[in-house]
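Report on one structure; see the data block that follows.
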Amino acid sequence: MGEGERFQLGTIGALTLSVVSSVSIVICNKALMSSLRFIFATTLTSWHLLVTFCSLHVALKMRFFEHKPFEQKAVMGFGILNGISIGLLNLSLGFNSVGFYQMTKLAIIPCTVMLETLFLAKRFSKSIQFALAVLLLGVGIATITDLQLNALGSCLSLLAVITTCVAQIMTNTIQKKFKVSSTQLLYQSCPYQAGILFISGPFLDKSLTNLNVFTFKYTTQVTFFIVLSCLISISVNFSTFLVIGKTSPVTYQVLGHLKTCLVLTFGYVLLRDPFSWRNILGILIAMIGVILYSYYCTLENQQKATEAAAQASQAKEVESDPLLNVENGSTVATDTVGQKPQAWIEDKD
């Protein structure tokens, strides 16, 4: 099996793991928050990250991966920014309507495209842009029900979009710049993410719910679902870094909207959530967008691979063809012979 085939299998595995784990944790958290009334989302996220860090530390001790320290400022800045973006997304949901919050999530893709185009000189073809537009249209139809605007909520949403985009772009660029794996980056940034959410989580949750996480009645059922959510989060956090590292922030957002459609579908099938023809139409349009995006990405990657193979074969032909080498050598020799008499004449005069 070639290196390209192994990379493709690894990417497919990362995407599958991300979808399965994310849908699982959404169903688990829905039971925890809707049925059992544990509505402390930011605090729960900090527990997720703490459990993820502890599990990675155990894996490190068992030598499942190698610790690779790199620039501490980059790790700290990245971890803190990730924690802030999670907190801002939760605040955005708390101070806005559900419809406007969905608009905020939809805005992450065009914002990411704009930032990568402006600062990383990345180019997105017309086909990719069209596929993304179809996807966003479908998700918007399926999820956006009301749009209630307010100044504070709008500012929080704007900050949430910017920080989330920058954090996801950094997830990709840091892995490539410092040549670290997704596991190594997650292990080193987890303490900063968990720390900032662990400190701010109870205050944010109290401001949003008017309830105290420390005075909540923790029954056996609640504790079970919290532990289950934390265990699933290990896979969610790991697959997030893995997908962004192997693909791109935009692809990760496309995958996120695919997961939204799957969650809506599972909610209707398993939990009998209310469902309308608008939801069905939106999901179908979004799925068409996902399929188009996957197709165009695959097509462009194949074209790049073909061009790279052609360039590599041309380089090998130049190196192995003796006639080309002789021609190159005779050209250099002729130039040299033509220069020597001039230099000799000048010296002689």
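Every residue, even glycine, has its Cβ placed from backbone N, Cα and C.
Model, not experiment: these values are computed from the prediction.
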Annotated stretch (transmembrane segment, per TrEMBL) among the listed ranges 74-93, 194-213: 74-93
Interface-richest range of 38-62, 74-93, 128-145, 224-245, 277-296 toward the transmembrane segment (12-32), CB pairs under 8 Å: 224-245
Look over the recorded stretches 99-121, 151-173, 224-245, 277-296 and say which has the most C-beta pairs under 8 A to the transmembrane segment (128-145). 277-296
Per-residue pLDDT averaged over the domain 'Sugar phosphate transporter' (21-294), given as an integer: 91
Considering only Cβ pairs within less than 8 angstroms, which of the stretches 38-62, 74-93, 151-173 has the most against the transmembrane segment (224-245)? 38-62
Excluding the flanking five residues on each side, which residues at least 6 beyond the ends of the transmembrane segment (277-296) place their CB within less than 8 Å of a CB in that stretch? 125, 127-128, 130-143, 251, 254, 257-258, 261, 264-265, 268
Positions on the same chain near the transmembrane segment (74-93), where near means CB under 8 A and six or more residues out: 41-42, 45, 101, 104, 153, 156-157, 159-160, 163-164, 166-167, 170-171, 174, 178, 185, 188-197, 200-201, 204, 208
